[in-house]
2 protein chains.
Amino acid sequence: MISDNLLKQIAFIKEIDKVKYIQRKTKLFNSDRNENDAEHSWHLAIMAVVLAEHSNENIDVLKVIKMLLIHDIVEIDAGDTFIYDTQKNHTNTDEERLAANRIFGLLPEAQAEELIEIWEEFEAGETKEAKFAKSMDRLEPLLQNTSNNGGTWAEFGVDYDKVFNKKKVIKEGSEVIWDYAENLINESVDKGILKKI
Amino acid sequence: MISDNLLKQIAFIKEIDKVKYIQRKTKLFNSDRNENDAEHSWHLAIMAVVLAEHSNENIDVLKVIKMLLIHDIVEIDAGDTFIYDTQKNHTNTDEERLAANRIFGLLPEAQAEELIEIWEEFEAGETKEAKFAKSMDRLEPLLQNTSNNGGTWAEFGVDYDKVFNKKKVIKEGSEVIWDYAENLINESVDKGILKKI
């Protein structure tokens, strides 16, 4: 007899394979190949492992990693929203919440509840773990764009003010990483790969 | 002043982007698109999160996740070795060890040592965490191949005995998951997508 829990978990594991098909706007490092959500989530999870020491507060790294591994799963139904999209707000749309209920709902009840809660916590960005996780999510594309001659900033005409406003939340997770990131943003202006109007 | 640790960590984070280009032999679920190592590692890490309750022993889930996130990084230098390759042994080649030293060696010393140790522990497969991590690594391609009409088994003429011998280590990590996996292997023979000679 195969346990009912296991069968539900396997159904979830099969479903989330679709995350590998969701293309982000950002490209891989020094590359013109778009990154997908699974690759992105893997990278952020490792970044959290190696950068945890720079968090402003003592964090539960396992919780941060869980957040990062699952944070884009809702995009299976809701699609990827470009962070600089002016038409559609990225955060906590009803569409994303429906997606979370459907996809995490494939799991056994207690587990579904735990992961939906972790996802909501990430989206709200208020706890120390969510703040650090968000700082990872903002840092990776900054590293990518600076390696790609401006990347999505150049491609979609995003200027310094917009970048600065989106990136400054890094500071809430890590002052140390924000110092580095702010420096990188200013350097990008100097190099002419980010426009300051 | 940006800390020396952070600069080393950023160098590592940039280097491991290459994992996204390493193609595995196995294909995504119900697909003819090859999986890459980053996608694979992401999937295994989430599998560990949702399947941990089935481990034979109480495990440190954070350690298992770290193992799974980093287990294929050495392939940046050493390349992916097909698990049923008859020419080249997959485990712990000198080439892989050199790769581990070079790539994890980009990190601050203590962190490099920690991750090399975790990678060695995974490769040795002797601790309860390594056993559970290995069971995840064996389960994912089994699920993929059964979703793909035999997948790499059919493509490379791998028979039941070889599959059984590689997959049976799942039992060391989880008897519960092994029951499910063994069942799936037997069903595959019945369906004619895995040859039993």
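Note: Cβ is positioned from N, Cα and C throughout, glycine not excepted.
Taken from TrEMBL as is:
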- B:33-151: domain 'HD/PDEase' (DOMAIN)
Worksheet entry | Counts by DSSP class (helix H/G/I, strand E/B, coil) across the domain 'HD/PDEase' (B:33-151) | 80 helix, 3 strand, 36 coil
Worksheet item: What is the pLDDT of the domain 'HD/PDEase' (B:33-151) when averaged and given as a whole number?
Response: 94
